[in-house]
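Contents: one structure, followed by commentary.
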Amino acid sequence: MLRLGLCAAALLCVCRPGAVRADCWLIEGDKGYVWLAICSQNQPPYETIPQHINSTVHDLRLNENKLKAVLYSSLNRFGNLTDLNLTKNEISYIEDGAFLGQSSLQVLQLGYNKLSNLTEGMLRGMSRLQFLFVQHNLIEVVTPTAFSECPSLISIDLSSNRLSRLDGATFASLASLMVCELAGNPFNCECDLFGFLAWLVVFNNVTKNYDRLQCESPREFAGYPLLVPRPYHSLNAITVLQAKCRNGSLPARPVSHPTPYSTDAQREPDENSGFNPDEILSVEPPASSTTDASAGPAIKLHHVTFTSATLVVIIPHPYSKMYILVQYNNSYFSDVMTLKNKKEIVTLDKLRAHTEYTFCVTSLRNSRRFNHTCLTFTTRDPVPGDLAPSTSTTTHYIMTILGCLFGMVIVLGAVYYCLRKRRMQEEKQKSVNVKKTILEMRYGADVDAGSIVHAAQKLGEPPVLPVSRMASIPSMIGEKLPTAKGLEAGLDTPKVATKGNYIEVRTGAGGDGLARPEDDLPDLENGQGSAAEISTIAKEVDKVNQIINNCIDALKLDSASFLGGGSSSGDPELAFECQSLPAAAAASSATGPGALERPSFLSPPYKESSHHPLQRQLSADAAVTRKTCSVSSSGSIKSAKVFSLDVPDHPAATGLAKGDSKYIEKGSPLNSPLDRLPLVPAGSGGGSGGGGGIHHLEVKPAYHCSEHRHSFPALYYEEGADSLSQRVSFLKPLTRSKRDSTYSQLSPRHYYSGYSSSPEYSSESTHKIWERFRPYKKHHREEVYMAAGHALRKKVQFAKDEDLHDILDYWKGVSAQQKL
């Protein structure tokens, strides 16, 4: 119960009308300024102007409250007011000087109140007031000097009041006045009103609502309009009063009178003020008039069409004031041009057909506009004979732009055509050079250039020059090794290594060669000449690799037979082909542990001739891994014996073919009598290393564990897993397709760059900008083939001695990797 009582008491306190504190909606700006304070329709309504509003407010709206009076004490603190809305209150009294503190006030709305008069004191201090709205009040008297303190008034709304008479001097001091609304007042059309009517005739009222000004008294003039658009109409008050009050003399009516217009910003009045905002902005000059040229400016219509007009403006003194030609369009106006000469011919174009236009000559002085004379005309309707306005300028611009674009397209097309033609010529020349070089590599350097070019032009014909292969040497199977005397005799005869390049080796000078297949040359017809070249070289290298492997295994087998005596029993069905080893093999002699280790067959000693040495892996011609270089795991340490085989160079005794001497380099085991191949016997079974056991001699890969110019993967053979039959099967030639012959080291699908087998030739692909954006080639794979072919061709073509064998050694490793 106690809680319910407390809640009820609190609710009564909140809902009590007397305790409610009125508030206003404020729109604030920077630095604490209040731009707008809306205190209208407050509940409860204000009876006095509230004092809690910030004094910096610019726009104060107190309409629809219950204000009774306007006092100086309640307004003096609002010094920044520019707009004050007191519409629909109960104001009946305004203190004299109540607006003295509002020197910046421009709009004052006092409509729908209970004011009975307007005096000079009530409007004192508002020198910047432009709009005064006192409509729908009870005003009966407006003193003649009521607006003397407001010289900037533009619009006055006194409609719907109780005015019966006005003095002629009431609005005479308002030079900027443009709108004076007096409709809805009960005018008494007597002679005391004639002075005001005389001013009203001269005044150029923008609204032109003359029909709304009517007389209510005396009775005989009730309903007569004060003024009408035709002033000499018989039924109007001014005509009657002119005959009655001036003895028949009509007051002089000037044809034109300067009507000032202020450029100050017009403010939209409140919607409840009883004043239509469109009527304020309705600026329509009077009808056209003619004046004396010596008295003031004059404007005449010279020529008019349905889209243009020509005006003649005459100004007697053009430099006395600043004259401007202004166009009025209902409620809007715009400046056309400044008039600086006494007589100017103004041509107006881009007009609409059958449209009324109004142009006025206006002078500007002290930021105020004065209309001197105006001209209104209507453009005529277009006829079939009239021509539309010319659009030559626009057409000229459009055609110029299109011409420039078309010219740019032509120039770019010509440049593109020239560059493409030049590029095609370069490609053609490069293709011819490649074919020429390939023919040189096939037929040798001693062939004359004319024959090569002639052969290159015949793309589909087979070669007519004989091409010899490398001489084949009979197999070593079944033959015995030469005696020790033969070996010693061979040591006494040194061999001089013959020098030759790859072309000479391929042609096989002095040897029995096989004819080259005739279907090799037509491979040049396709677009991948370099790929065919690499494939051809790879095939030849495979054959060389097979020969080298056969020779190495034959040497190991014969050495094992020599050391094992008659107890060494090999498989008689095994056949080895060695086309590069002599027919009579040399015998070996046992040497000490200090024997000089030399490289294996076709493995030259490494020279630091390259600035960028590559890490050499284990050689493919080594028969065992690094672990088998010492002692086999199948034998014991005690029975392990180290043998060395001396291979002397004795070409006369062995009967080497003349053509095979090109394969022997001066660094090979056949050249030096002191070269020894260390052989490691591996025990078998229980490790009894007697003479009756089978000894497998293995070449120690001492040299191949060092660095070399070329890096290639090695062959690994596990001694325990690989049998002799497996090794023999490895020596069988492998058949691979032409596509697989291009090794991964040179495959353009993995490396889009050139290839060079040594650092002497750069491996970077020098693509030009045009090559990257060639529209007629979607892929640069052919360029990669060309780069690889050129690099390898140069290296092989100009290689001598050790360099040649280095290349063969490299390709041997590559071939071995592919076989794995």
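Cβ from N, Cα, C; glycine included.
Per Swiss-Prot, N-linked glycosylation site is recorded for Asn54 (among others), and the stated evidence type is sequence analysis. Under the DSSP three-state reduction, Asn54 (N-linked glycosylation site) is assigned to coil, being neither helix nor strand.
Annotation source Swiss-Prot lists N-linked glycosylation site at Asn80 (among others), citing sequence analysis. When Cβ atoms from all protein chains are considered, those within 10 Å of Asn80 (N-linked glycosylation site) total 18, not counting its own. According to its DSSP assignment, Asn80 (N-linked glycosylation site) is coil.
Note on Asn85 (N-linked glycosylation site): other Cβ atoms within 10 Å of its Cβ, all shown chains, come to 25. The N-linked glycosylation site feature in Swiss-Prot is assigned to Asn85 (among others); the stated evidence is sequence analysis.
A C-beta separation below 8 Å, combined with a sequence spacing of at least six in one chain, links Asn117 (N-linked glycosylation site) to Ile139, Glu140, Val141, Val142, Thr143. Here Swiss-Prot flags Asn117 (among others) as N-linked glycosylation site.
According to Swiss-Prot, the N-linked glycosylation site annotation covers Asn205 (among others). Residue density at Asn205 (N-linked glycosylation site): 19 other Cβ atoms are found within 10 A of its Cβ, drawing on all protein chains shown.
Annotated N-linked glycosylation site per Swiss-Prot: Asn247 (among others), in sequence order.
Taken from Swiss-Prot, the feature region 'Disordered' applies to 250-294 (among others).
As annotated by Swiss-Prot, region 'Disordered' applies to 508-527 (among others).
As annotated by Swiss-Prot, region 'Disordered' applies to 589-612 (among others).
Here Swiss-Prot flags 654-677 (among others) as region 'Disordered'.
According to Swiss-Prot, the feature repeat 'LRR 3' maps to 104-125. Residue counts for the repeat 'LRR 3' (104-125) under DSSP, split into helix (H, G, I), strand (E, B) and coil, are 0 helix, 5 strand, 17 coil.
Long-range neighbours of the repeat 'LRR 5' (152-173) within the same chain, counting only residues 6 or more positions beyond its ends whose Cβ lies under 8 Å from a Cβ of the stretch, are 111, 127-140, 142-144, 146, 179-188, 190, 192-193, 195-196, 198-199, 203, 217, 262, 264, 266, 273-275, 280. Per Swiss-Prot, repeat 'LRR 5' is recorded for 152-173.
Summarising the annotation, Swiss-Prot assigns signal peptide to 1-22 and lists sequence analysis as the type of evidence.
Beyond the repeat 'LRR 3' (104-125), the same-chain residues lying 6 or more positions past its ends with a Cβ under 8 Å from any Cβ of the stretch are 63, 79-92, 94-98, 131-143, 145-150, 157, 264, 267, 269-270, 272-275. For Asn205 (N-linked glycosylation site), the nearest of the glycosylation sites by C-alpha distance turns out to be Asn85; the candidates were Asn54, Asn80, Asn85. Rounded to the nearest whole angstrom, the C-alpha distance between Asn85 (N-linked glycosylation site) and Asn54 (N-linked glycosylation site) is 17. The two recorded residues Asn54 (N-linked glycosylation site) and Asn80 (N-linked glycosylation site) have their Cα atoms spaced 10 Å from each other. The average pLDDT computed over the repeat 'LRR 3' (104-125) stands at 93. DSSP assigns Asn205 (N-linked glycosylation site) to coil in the three-state reduction, outside any helix or strand.
Under the three-state DSSP scheme, Asn85 (N-linked glycosylation site) falls in the strand class.
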